[in-house]
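The following features are taken from TrEMBL:
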TRANSMEM  12-35  transmembrane segment
TRANSMEM  56-76  transmembrane segment
TRANSMEM  82-101  transmembrane segment
TRANSMEM  113-131  transmembrane segment
TRANSMEM  143-162  transmembrane segment
BINDING   ASN164, ASP225  Mg(2+) binding site
TRANSMEM  169-188  transmembrane segment
TRANSMEM  194-215  transmembrane segment
TRANSMEM  227-249  transmembrane segment
TRANSMEM  261-279  transmembrane segment
TRANSMEM  312-330  transmembrane segment
TRANSMEM  336-355  transmembrane segment
COMPBIAS  363-373  compositional bias 'Basic and acidic residues'
REGION    363-396  region 'Disordered'
COMPBIAS  384-396  compositional bias 'Polar residues'
Amino acid sequence: MNNFFWTLYNDRLFQIIVSSLLACAMSIAAIPVIIKISRLKNLMAEPGGRSSHERRTPTLGGVAIFASTLISYFIWENPDEGQLIHLSISSIVLLFFLGVKDDILVLSPRKKMFVQVAASALVVMLADLRIDNFYGILGINEIPYAVSCGLTVFVFIALINAINLIDGIDGLAGGIGMISGGMFGVWFYINGHYALACLAASLAGALLGFLRFNFSITSKIFMGDTGSLIVGFLLTMFAVKFIQLNVAYRFDPTATFNAPILAIVMLVVPIFDTLRVFIIRLKNRRSPFVGDRNHLHHILIDSGMSHLKASMILWIFTIIISIFFVIISKEVENTTSLYILIAVFGVYMFVAHLLKMNNEKKQPLKSNGETKKKSASSAKSRESNVITPRTNILID
C-alpha cells in the first residue's frame, strides 16, 4: 500500500492534475477575501465609457491568479528546464507589481511598456527563449540572433497586450487563457517537459477558479491588469517554447513542423481581434492605440448576447480552429498552412463586419423605440398632473 501511494505521489501526471486542482481551489478560496478587501479599501472599477458593466467591481483578481499559480507549481520538485522557469517567474513577479500598481493608481503607458520590455528581455536574453526558426514558411528557416531576439521581445509585448485587449467582457480572457494553457500543458506533458506542463496546468486551474467569480452577479471580480499581464506573459512563454522545442525535434517523426502556425491558432482570438481592430483604426485614420467598441466581443454583446454566451462562442472558436490545424498539420506544408490561416482571418473579418452592420441597422430602431417610450411616458406624466374639476386634487 505504501509503495502504491509513493508511486502515485511521484507520478508526473498525478502531480500535474493535483497542481491544477489545487490552483483552482486556492483561487476560489482567495478571491472572496480579495473582494472584501477591495470593497473596504474602495479598490473598484467604475462603470462607464466602453465598459460593458453597470456596477462598481473589484479589479484585483490577478492577485489570486498569481499566488495560486505559483504556489501550486512549487509544491512539487519539478525537473530542471534550465533557467527558463526561474527567469519566467522573476518576470511575472515584475509584471505582478506593475499590474497591482496600475490597477490601484493607473500608470502611464510609457512606464508599463518599459517594464513589459524588461520582463520579456529577461527570458529572451538570459534563458535564450527565442523564435529562431520559421520552419520554411515563405522560404524562411533559421533567423539571425539579433533579429530573433528583437522579434521575440516584440511577440511578447504584442501578445501580453492582446490578452489585455480581449479582457473586455466576463470570462473571455480567463477562458482563453485556461483553454490555451491547457492545450500547451498537454503537449508539454506528452513530450516530457513536466515542469512546463505543471506550470501550464497550474495557470489553467487558477483561471478556472477565477471564472467562478468573474461570471458571478453578487461576487464579481475582474482580473485587472495584474491578471492580464501575467496570463499574457505565461501564454507567450509557452507559445515561444513550443516553437523552439519543435525546432529542436526537427528529426523526430512525431514532431509538429508547422509549430509557428499551431502556436498562433492556440491564441487565435487575441491575435485575430487585435489585428482586426488595428486594421480598422488605421483604415479610419485613427490611432491604433485609442480604444473603441470594435472588438468582436463588444459586437457580440451589442447584438444582445450575454457575456457568457459571447465568451463561449469565442472559446469554441479557439478549440475548433486548434483541432482543425492540428489535424492538417501533418498533411499540409507550412506556407500552405499560413495561407489557410490568412483565409480564416478573412472570414473572421467578414463575419465581424456583418455583425457590426447588423447592430448599426438595429440601433436606429432601438433609438426610435426609446424616444416613443419616453414621449408616451412624458405625456402620461403631464396628464397625471392635471387638476380635476371635481376634487381639486393632483392625481399621481
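Sequential numbering from 1, following the chain as shown.
The backbone N, Cα and C atoms fix where each Cβ goes, glycine too.
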Where's the emptiest Cβ shell within 10 Å among the binding-site residues ASN164, ASP225? ASN164
Region pair the transmembrane segment (56-76) / the transmembrane segment (336-355), three or more CB pairs under 8 Å: no
How about the transmembrane segment (12-35) with the transmembrane segment (194-215) - do they touch, taking at least 3 C-beta pairs under 8 Å (6 or more apart in sequence) as contact? yes
For the transmembrane segment (143-162), distant same-chain residues with Cβ under 8 A (at least six beyond the ends): 95, 113, 116-117, 119-121, 124-125, 129-134, 228-229, 232-233, 235-237, 239-240, 267, 270-271, 273-274
